[in-house]
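To start, the structure under review is shown below, and the notes come after it.
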């Protein structure tokens, strides 16, 4: 039990290593199978963790010294939000590995290793409560993806990877500065050098530097998420990535930014957050409307989904910065629903590209009769993305808007109008791909989608419907664990 | 019989799920059988539930079934709960019974379509959503149904996906109604934060104590949502295009049920609307304008389904005028009779279209009276009810009920309603005379089967006698319908000036029909559609469609395309190129010549000294 949390990080990493090594000898499919086994083990671990820990507040804890001289520990704490997001990570990772990496011919072992290392990093980000460790995982989850992009990306990958790298590493640097500043302030005040999240959180609120330090975190998370005006790396990256990386980036990596905003911005710096909230809500609303507007003008399917993804992440910003409980919980629901629906849309886009050879909607059209089951799924996830009630995304949008309404009526009104714009681009996309006369007749038989594809999309459909009609179980998990000392019984100092 | 209530919704839902999971492998006959059984059970349960409820101990109150809590967070609590009172009972019967008839008809209509399973998935989902909409006691669940019917409408309009115009019409219908949905959503946010619950009763009880501005805003937003759903001015442009869907869809969704959802919503919240007389006046004015606007446009249409579409818009205008005048019973009564005769008209039109090779232009039909007498009589019954021919039609009684109430609020509204009735009788009998009289300009093939004929016959009878459940005092005083609804909607007010108004209201449609006969009676040569510029504008939605296209749609798309590479991205690119430029510029200094470096150092030193001194 004690080692379940570090095991969640270690397992995918070493599983990935094993997959890489297995590639040296043996059939080409071995790495793929090793990855699947790793993820199955991870699922067992998560089932065990969910069943044996109890909320509310912090549910599980692990601590061990790492670099004692600098006060850096290996600290993991898990609350309901972490648990929900760990599940989401797994739910995104399984179909990614299952569907998108099976037929990789070029260095499959390395591919599996990089993907699983990313997943390990993401798990670490969701669990770490040592700030330095958090930063390490933050980097760990990004570095493998640069590799994936550079080796397996599409035509324009060099330029795009550079852009991706500059944005995320540049902003990561700001976060490192903020973390160091916090540690130094704490050391100056108390004489103890530590990177313990709970300790630093007590300092963070009182320091006169709080707004500046918060900004360092905020920019890093805003870039990662991404939100306006730091979003420009994202459409390019999504479009040029192989499908697996697109799904991971949109499905789960964007949620690390949102998670960070809840854990390391709103919770650590409540007063500074309240000060910047109007600006953030304004940016959120502008992001919702502006990106919905850009989405309708795109010709590349993946770019449409990319812009729609940024647009929907705006609701998370609204929820988090509304400073209300309903808004924060809505943001968590929105993360889950957005992860599932956007991931599914990227899988569909990848499938369309695989079978027709193009992502350009000017050359697509009339695909419904050629792939009726897939079209039905596409319709469902499009409906999810335009916020149809009964699907998880609506719960997230409704609750975040409910939170934001208490802060600004006008902003909320405009954000609700985003529902109109989202229906414009979503239905336009449906129309251009699936409706109308068949454009590419006879060029290539489309064939039936594989059973794993249908199963994955079916599971995502069921999960989104359950989330839409009965969100309360997830909501009960979605209150972040508190920072107050009385709740810290689990979070005591590690034995040195 | 609380257990039956969820079953009424579950029946069509189960049919939809079964058909969906069968993935189109079920034969057409089995599909129709399944649909017939499912919808039959739904209608049967509806009737049983209605009878037991009305004979039960609490027949004036409400039956309440809480299904599950949706979200419960921080003082805001909302749940999926069904309620049956007399208002939702009326709506439930309309949706389940007329829905059943239309789906039976559709079995025959869609028999030869290879995608019949998909069609019935959408149709049954629609019925389930619509029942959820009318039976929910919580506004969030109403919103679920509200959006559910919207998306089913989208799917059904675009049902024949291989034609791009259908896809465009479907998208337009969804986006325009989505504007209303967004307003509705904001109203929900406002009420949820103000009241802490979205339960109808909680909202109605809290409304009198709330700030007036908040209530006004809430009712205004709700009205906006209703107006978009019911295709009233200024959000009416989607309905005529929505006729791209199969005709049973138009009968069910765009005549009998979905478009009346807004009327139901306002009637349900009438206690709140009564607090805001300004919004009610606006509602009446919207109805008033729409009546005349749509009737004017219906007068010059050439497509039989578009005539009926504009007519639906116009008749919904009567309901909105009634709501605005506080004539809740009148609005609901007209909703019911309109469901009878408009569903009948659409289905009769569908039978015609099927038999004349999918021709929809009335000027290419003609003389169909002899070839399809059954359909002819059905269409006549529907047209007579729509025109409100006195005493013998359902439409007469419901329209008179609205007009009398309107006269008591403002004679101008009454005058508009009468003028609308005049135009109505002209345009619908224009359609009748051109289609059924004169020389045959097309040949009808096949025959209309029994599966189509029975629903037509039932609705035909209802369109004639359905009005006798509510007869004004001066004609015999039957008040079955208003007595049914009075526990929910309040007592019917006293009538004033009944007899004279009734007389005028009785004569006007007759004049209209006579005028139509004079203008379009068979003359030996084929009638031709007018084609003056003015008529063309009138036909094309009075130019609204083109206006919206130029003002909203085109600029939005054009500017979007102009900015498709995202000017923010370009700003970063600019930053990058500026950096590169300076990088190169300074790179030029690295020449490797020591004397150059020495010169630069000297210049730097001198400059530094200058600054220091």
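Here the Cβ of each residue, glycine as well, is placed from N, Cα and C on the backbone.
Automatic, uncurated: that is what TrEMBL annotation is.
Among the residue ranges A:54-75, A:164-185, the one that TrEMBL annotates as transmembrane segment is A:164-185. Among the ranges A:9-27, A:28-46, the stretch that TrEMBL annotates as transmembrane segment is A:28-46.
Within the set A:224-243, A:304-323, the record from TrEMBL flags A:304-323 under the feature transmembrane segment.
Of the two recorded stretches, the transmembrane segment (A:304-323) lies close to the transmembrane segment (A:244-264), with three or more CB pairs under 8 Å once pairs fewer than 6 apart in sequence are set aside.
A contact links the transmembrane segment (A:407-430) to the transmembrane segment (A:276-297), because at least 3 Cβ pairs that are 6 or more residues apart lie under 8 A. Of the ranges A:82-101, A:132-152, A:276-297, A:451-470, the one with the most Cβ pairs under 8 Å to the transmembrane segment (A:164-185) is A:132-152. Here the listed stretches are A:28-46, A:132-152, A:244-264, A:451-470, and the one with the most C-beta pairs under 8 angstroms to the transmembrane segment (A:82-101) is A:244-264. For the transmembrane segment (A:335-353), the list of distant contacts is 84-85, 88, 91-92, 95-96, 99-100, 238, 243, 246-247, 250-252, 254-255, 258-259, 301-302, 305, 308-309, 312-313, 316, 359, 364, 367, 374, 377-378, 381-382, 384-385, 391-393, 395-396, 433, 449, 453, 456-457, 460, 463-464, 467-468, 474: same-chain residues at least six beyond its ends, Cβ to Cβ under 8 Å. For the transmembrane segment (A:244-264), the partner stretch with the most Cβ pairs below 8 Å, chosen from A:28-46, A:132-152, A:451-470, is A:132-152.
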